[in-house]
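Listed features, source TrEMBL:
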type    : residues                                       : note
BINDING : C:29, C:30, C:31, C:32, C:33, C:34, C:75, C:76 : GTP binding site
BINDING : C:29, C:30, C:76                               : Mg(2+) 1 binding site
BINDING : C:29, C:76                                     : Mg(2+) 2 binding site
DOMAIN  : C:6-135                                        : domain 'tRNAHis guanylyltransferase catalytic'
DOMAIN  : C:138-244                                      : domain 'Thg1 C-terminal'
């Protein structure tokens, strides 16, 4: 049973290489999460346990794959940005997309019970993944802005929708009520009808989650004096800030800067 | 925060469509399984628990994705064949590869404790995935033959290697002893030194695992007479047979036949 | 001025390989031929000089590129079929499409004056080209049938249109008159109004042109007897036959047969 | 003979779209030009007629395809740079590469006799073409520098080689003599043995040819005074300058600047 007569089939395998010197974004997306979240009784409009679980998985990917310089997540999706000079997996498209998708999936199932201790996993969810190349910093930032604007728009809508539903309005009527409304109308509705200031809602819901390496103040004991002191250290953190404006990027030039 | 100014970034997304009217094979492959299997104390050269867990996950994919007509697995890899006329996910390459990879991964973690009740999962494994198009039945069968011949060659080598090691030979010496040996030499070694007939080893180790739909004899109670009878039913089964020769295919023409 | 610091730019070049074991079709298409043909006073609805020039160029490509087994042309387009086992240019897509397109273009300009001795070439035409893979003989034959059916439909329409116009009907009225008519109506119109039996028109107009290697009867002098005799020889020929039905293929099994 | 049953074959056609917002370079390359140039008695090491013919064809492409902002040629190759925001042919790879290749080829044959009035074209040459995407100005400039450095290296070598051969040295000995020599050695050889200062050779041979739009001083008659005056006008020009350094680009910011 020699293998040599069959090995020729390897010529059919094609693994496209992504254009060099472009930013690579691997985006994973929950599949059929509507059904998954309702089966597992997710809170509406946001379930913070699920978001923290997503962030946990994303942080793992971030720390595991050296060339990921920033990750952004909202709802059941996460985007991982690889530096433009990355040679991770030789920039092979399938390898990149499928590996990161699989690592993320595995972590989600693995850590589930830590975030949902009272809700057994009835079946495991899955995530598809893709990889996209962006040639410039502007294109990349616009991509991230697109996802954050999407987060905001969905969250504002869903917040109104579920407030209405929880107040007794039918789903159909809630939909009708919101149809065609502008952002300002929705904030007004929240404020007037539900005494809710949209901007007071948790930043994680409004802005999504950003995984980066950033300076944090860390306490430590000075051995000489046994006193507690504070020092600044670079750590992987999850933050919930606006990344559409320049401030986020200007204060963290290392994110898109060249690899040391 | 209108999204319209950022949405243009969608033009960067490219999801290649696989050539129509070709057999598609999605192959998932364990990543760093050497480390994973040693961390989780897999038996050598084969751990039947792990293989059964792989088969369980593969059977789930097989039943979930209608157009998969046969799947073949060995060691930490599995290949899923989609009919040549499949329109699953519009034959989009990333969607196909990443979804099947993610479903498989999720199931592996989810079912782990059923197959390894005594070994807690220390960390979850991941699988990369790819998709390849094969234009003819011959090419497809050669692909599957390639994997099954690979299974045989590896298993025969590993069986010898671990018999030697378990008998006290060092790993380096075992490697040296096997270097350059032919298939017949290895069978001879197993028989002479270890009183083992290679062909008596479990078929799952020698042939790998095949998931197909096949006729099985099923008992049922005849309600009229309350007697047990046997009927033939089409079921998803895992079998361990030779698929290199024609017999496997000739007796199961429905596998590669057209979709009803 | 060392070149080494710039050579890295080669990594940006990607030349996709077409799926092995598939039929490859390179189709060249005249660009802006409406303008070109009117500038050069082509006869309507068909200019036999132009078609013969196209056939001349196609025959050159056919003889030049060994793995082309059949070519089909109509109007300002030509399709070249390469055997499924071709390794011409390593099946690299750009090389294949651009080379054949360039050879064809060069020949068209080069031979122009032989076919249009009275019409100087005012400017040279250009042809774009593409290459497409077809996995089965059925797909390939359907492709060729598609082009030949297209030839027929266009020719029948154009024949009616120009008969009407040449009889004094305005172009707009001719278009109106033909709008919505079936094939049978058009034949009827030709017969009744113009005493023309569509099937008596030259086969080159109705069926397009096919370049193949075929057996032809060739006279030669028997040296022993000095008598002229006839022998059958394989030659490159241009024929105008139906290739949609089976007869064409059944009588020429060598066209799609394996390379010797 | 309805076409509808065959039209499905269109699904097999795939025309990849080049990544948006990247510089596109279409490079055409003479095929078998060694044979072509010797058949047509090209002068060695450079035939200025052939280079001027190449430039003529390139200028035509430059003027025809609006989004080409610079073209660079040497020997039997030419590179056409399309602006990063070009939507020419929807950035479809085959269309771009094959059209520009065909236009160039057609012009070469068409204009041949103007540049080689005494040498009839025995057969027409062909050019293959490809298209490559470059994400940044640096990558693009490095690409052009690569080609210009290549021009220099080849020209210097060929100049020495043919001087030696023309002085009676055999080709084999000339090759041996030049093997392993550095740039400075070659200049020395030219100066000492052939009294030739390399830098006095025509710039077109040393630097290749650049097609751009540039300001030129143009004379015109002032109608009021009937005096000849000079004005600066933007025209398509062919120049032979260093484009590796910054000066070329700094003095012509419009080349890589955004489209008006």
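Note: Cβ is positioned from N, Cα and C throughout, glycine not excepted.
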Cβ neighbour count (within 10 Å, all chains shown) around residue C:76 (GTP binding site): 21
Cβ neighbour count within 10 Å of residue C:33 (GTP binding site): 18
Structural state of residue C:32 (GTP binding site), classified by DSSP into three states: coil
Chain D, Cβ under 8 Å: which of the binding-site residues C:30, C:31, C:32, C:34, C:75, C:76 qualify: C:31
Neighbours of C:29, C:30, C:76 excl. site residues, C-beta within 8 Å of centre, Mg(2+) 1: C:28, C:31, C:33, C:75, C:77, C:125, C:127
Those residues of the chain, 6+ apart, with a Cβ under 8 Å from that of residue C:34 (GTP binding site): none
CB contacts for residue C:32 (GTP binding site) [other CB atoms within 10 A, all chains]: 11
Listed binding-site residues (C:31, C:75), ranked by Cβ neighbours within 10 Å, top entry: C:75
Residue distribution over DSSP helix, strand and coil in the domain 'tRNAHis guanylyltransferase catalytic' (C:6-135): 57 helix, 31 strand, 42 coil
Maximum Cα-Cα separation (Å), residues C:29, C:30, C:31, C:32, C:33, C:34, C:75, C:76 listed as binding GTP: 13
Confidence summary for the domain 'tRNAHis guanylyltransferase catalytic' (C:6-135), mean pLDDT rounded: 97
Within the domain 'Thg1 C-terminal' (C:138-244), residues counted as helix, strand or coil by DSSP: 57 helix, 27 strand, 23 coil
Neighbour count (Cβ, 10 Å) for residue C:30 (GTP binding site): 21
